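Notes follow once the structure below has been shown.
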């Protein structure tokens, strides 16, 4: 099967994402638990239909399934749900890391491209750290996995712009989420920015991974 994202799948993904973003200010739990994960569910279907290599398909769908579960859990306004959501996204990042490492070619130039991102991570962590409280350890562990995921994304040989770009958007989405959780007041604008960067991140990652020409 050709590793090409079907046009209908792309259309449905963006329609699903646009619908959720449009109704986001007007819905709450439990309604958002059903609408929020729909775009990721569509990416799972797209990945299943367009990824011919079994190993790639396994790890990509694993990453998306953990992401989908994390999306659902994070709609629950409770500390236990936030911690469980962190765990689920750590597992998603581990699956992405597995995909990236198999296609990685570690070079100094690629690492240098990552340095501005690392600086952003350090400054962001320093800014948010005083507000983390009891979430300091879980948030720090999550940030380590997220940062390593982005680092390995910069090392991939095939479609590095799509994959590193998607990973950076993932990082940006989580940074805005952390700000709203621990520093700033949650608003419709911040919620919109969190989700639009997150959906675009996942789309770019799926696009880059499914376009690979060889098995990894």
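Placed from the backbone N, Cα and C atoms, the Cβ positions cover glycine too.
Features as listed in TrEMBL:
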| type | residues | note |
| --- | --- | --- |
| TRANSMEM | 9-28 | transmembrane segment |
| TRANSMEM | 34-51 | transmembrane segment |
| TRANSMEM | 58-78 | transmembrane segment |
| TRANSMEM | 84-101 | transmembrane segment |
| TRANSMEM | 113-129 | transmembrane segment |
| TRANSMEM | 135-154 | transmembrane segment |
| TRANSMEM | 161-183 | transmembrane segment |
| TRANSMEM | 189-210 | transmembrane segment |
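A Cβ distance under 8 Å defines the sequence-distant neighbours of the transmembrane segment (9-28), meaning residues of its chain 6+ beyond its ends; these are 35-36, 38-39, 42-43, 45-46, 49-50, 188, 191-192, 195-196, 199, 203.
Under 8 Å from some Cβ of the transmembrane segment (84-101) lie the Cβ atoms of residues 56, 59-60, 62-64, 66-67, 69-70, 73-74, 138-139, 141-142, 145-146, 148-149, 152-153, 155-156, 163, 167, 205, 209, 216, all in the same chain and six or more residues away from its ends. Non-local neighbours of the transmembrane segment (58-78) in the same chain are 29-30, 32-33, 36-37, 40-41, 43-44, 47-48, 51, 84-85, 88-89, 91-93, 95-96, 98-99, 202, 205-206, 209-210; each lies 6+ residues outside the stretch with a CB under 8 Å from one of its CB atoms. Residues 136, 139-140, 143, 147, 150-151, 154, 164, 168, 171, 175, 178-179, 182-183 of the same chain, all 6+ positions outside the transmembrane segment (113-129), place their C-beta atoms under 8 angstroms from a C-beta of that stretch. Non-local neighbours of the transmembrane segment (189-210) in the same chain are 3-5, 13, 17, 20-21, 24-25, 36, 39-40, 43, 46-47, 50-51, 56, 60, 63-64, 67, 96, 99, 156, 158-159, 161-163, 165-170, 172-173, 176-177, 179-180; each lies 6+ residues outside the stretch with a CB under 8 Å from one of its CB atoms. Sequence-distant contacts of the transmembrane segment (161-183) (same chain, six or more residues past either end, CB-CB distance under 8 Å): 82, 96, 100, 113, 117, 120-121, 124, 127-128, 131-133, 135, 139, 142, 146-147, 149-150, 153-154, 190-191, 193-195, 197-198, 200-205, 207-209, 211. Long-range contacts of the transmembrane segment (34-51) within the same chain: residues 1-6, 9-10, 12-13, 16-17, 19-20, 23, 27, 57, 60-61, 64-65, 67-68, 71-72, 75, 195, 199, 202-203, 206, 209-210, each at least 6 residues beyond the stretch ends and with a Cβ under 8 Å from a Cβ of the stretch.
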